[in-house]
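Single-structure report; data block below.
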Amino acid sequence: MCGITGWVDWHRDLTMSGEVVDAMTETLACRGPDARGTWLSPRAAVGHRRLAVIDIDGGAQPMIAERGGRPVVLTYSGEVYNYRELRAELRSRGHYFDTESDTEVVLRAYLEWGADFVTRLNGMFGLAIWDAWRQELLLVRDRLGVKPLYYHEYDGGVIFGSEPKALLANPVFDAILDDAGLVRLFALFGTATPGEGVLRGLREVRPGTLVRISREGTRHSRYWELVSAPHPDDAATTVRRVRELLADTVAHQLVSDVPLCALVSGGVDSSAIAALAADRMGGAKLSTYAVDFRDSERDFAADVARPSRDAPFVRELVAHIGSHHTDVVLDTPDLLTVQDIASRARDLPCLGDLDASLYLLFHAIAGRSTVALSGESADEVFGGYWWFHDENARRRAGFPWSMDDVGFAAVLSPAIKDRIDPGEYVREHYAEALAEVPRLAGESDAERRSREMMYLGLTRFLPVLLDRKDRMSMAVGLEVRVPFCDHRLVEYLWNVPWRMKADGAPKALLRKAVADLLPDALVWRPKSQYPATVDPDYDATVRARARLLLSGESAVGPLLDAQRVHALVDGSSKRPPWMQRLALAYLWQIDRWLRAYDVRVTV
């Protein structure tokens, strides 16, 4: 895993801009602590920071080949899990390889198949190719958007990078928050806006998309889309096929030349991944890690979102698979201290203790492992979230995970809300998302709505989880792989009827597919969300910080409705306590982000 960045300009000579390219590259040092490289030419400049995972001594980037006597330059972040099969095919077509890296496979695949090469890749990646012969820049992102890739076009050129901070290191891009950005920051909290960033002019390469940029303009093409069709298999065959796909995916994602571990929570998703991985490792012991909070056993109170603590189930998993396990136990002072670091990693306001705990977990792992397996996307593709099963959420004409169309924008001042109309913006975004859903004629209303909810989850909810997982992990040089995001598994499950997925219990299909791998207590454990601290000291500090937001020196204060913020602070808001705490921590981080990034608000 790595960090990539670059610059194409059709007018200026970029060989004179080495210092700027160096600055862009250095912002990504955390993503690639092992090596750096840059390449300059009059029209294009490319930078790379490397985290060495496969072929430690080879695979240096940017990697360069020639076509027609002119350079073809690749800068690439990610992993291609089928690179060995592709290398064998390319060798049969006459290609020679100087390294054992997947990077060289990607470059030679482009030389062989042109832009269609991306359809042959199975993996997670964000990559850029400058083809001097064509005078064209290609920006490509994996099918589910596991790895990030941003860009900014201006009159005469384009800059790109794995993270917005790389773009902000170039003087052609400024940190400006306009009306649309404000709505995304507040009303669409927790909901992705594919293709669009929060800052004005910040674009994101959409998952499954290839962007081609030349003097003639910019073209976007989708190389991967879900296709709706009748499901061909009966229930028993479906269970077997899911198991086969999942086992094959885990086997491919275990390929690494550096230490590898698994993240576990005691839920069926992460437990299945860990059990499959442990089974494939032969005599070697799998390392596993789980997060917990100091005094959580004392302070924990079960609720709908978190009906049980993770720790007892984690212990049962560890005993069952015989892993070498570490519990990373977090304290409130650490959760509060690292929130600014987490925000810097995301280039956005962090999500309070949710992001902070993830960062601290990965920080503890990074000194021992370089690669981790994780269970993201299982709830999206198997229908595990509560909103798949709640009739009110299923009937709601809006994003099912949201309580309303306004979200955190409720705390904005009346004048600003009247101007930007966040509710209308969210409704339009929801309508756009529904219009994208691939339909299947003749489906029942229940199946149609389940398909819609899966699509919304994959394209509007999952990207937020993947983004924070990528940023928090890469901030400490840890690569996280997500087997449930394998596109073959997603394609298959897309057409499995809802009645098979939820046959008597949420995620029944997954539970049946891995039932022989795990104890019943783990197979049938009800969904419990990612843990959050319940320490009263954390809550008190968050509320004390939030009171300062209404002072005259606050950057975010002028945007807020003081009465509504006071209601959150004193606990009189109608929002659930956990949401009040999250909202207040988020508002504090918005203020810190506006200051740290010197964001100009144009609302």
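In case you wondered, yes, glycine gets a Cβ from its N, Cα and C as well.
DSSP assigns C2 (active site, for GATase activity) to a strand. Counted within 10 Å of its Cβ, the other Cβ atoms near C2 (active site, for GATase activity) come to 29, all protein chains included. Taken from TrEMBL, the feature active site, for GATase activity covers C2.
The L-glutamine binding site feature in TrEMBL is assigned to D102. In the structure as shown, the Cβ atom of D102 (L-glutamine binding site) sits within 10 Å of 27 other Cβ atoms.
For G375 (ATP binding site), the same-chain residues that are 6 or more apart in sequence and have a Cβ closer than 8 Å to its Cβ are L263, S265, G267, D269, S270, A272, I273, V482, P483, F484. DSSP assigns G375 (ATP binding site) to coil in the three-state reduction, placing it in neither a helix nor a strand. The ATP binding site annotation in TrEMBL covers L263, V291, S374, G375.
Confidence in the domain 'Glutamine amidotransferase type-2' (2-216), given as mean pLDDT, stands at 95. Sequence annotations record features per position, and here TrEMBL assigns domain 'Glutamine amidotransferase type-2' to 2-216.
What TrEMBL lists as site 'Important for beta-aspartyl-AMP intermediate formation' is E376. Residue density at E376 (site 'Important for beta-aspartyl-AMP intermediate formation'): 21 other Cβ atoms are found within 10 A of its Cβ, drawing on all protein chains shown.
With respect to C2 (active site, for GATase activity), the closest of these recorded positions in Cα terms is D102, chosen from D102, V291, S374, E376.
In the three-state DSSP reading, V291 (ATP binding site) counts as strand. For the pair S374 (ATP binding site) and D102 (L-glutamine binding site), the Cα-Cα distance reads 21 Å. Apart from L263, V291, S374, G375, the residues listed for ATP, the same chain places the Cβ atoms of A262, V264, S265, S270, Y289, A290, A372, L373, E376, V480 within 8 Å of the centroid of those Cβ atoms. Sequence-distant contacts (6 or more apart, same chain, Cβ under 8 Å) of V291 (ATP binding site) comprise D327, V328, L330, S357, L358, L360, L361, P531. The maximum pairwise C-alpha distance among L263, V291, S374, G375, the residues recorded as binding ATP, is 14 Å. D102 (L-glutamine binding site) sits 24 Å from E376 (site 'Important for beta-aspartyl-AMP intermediate formation'), taking the C-alpha atoms as the reference points.
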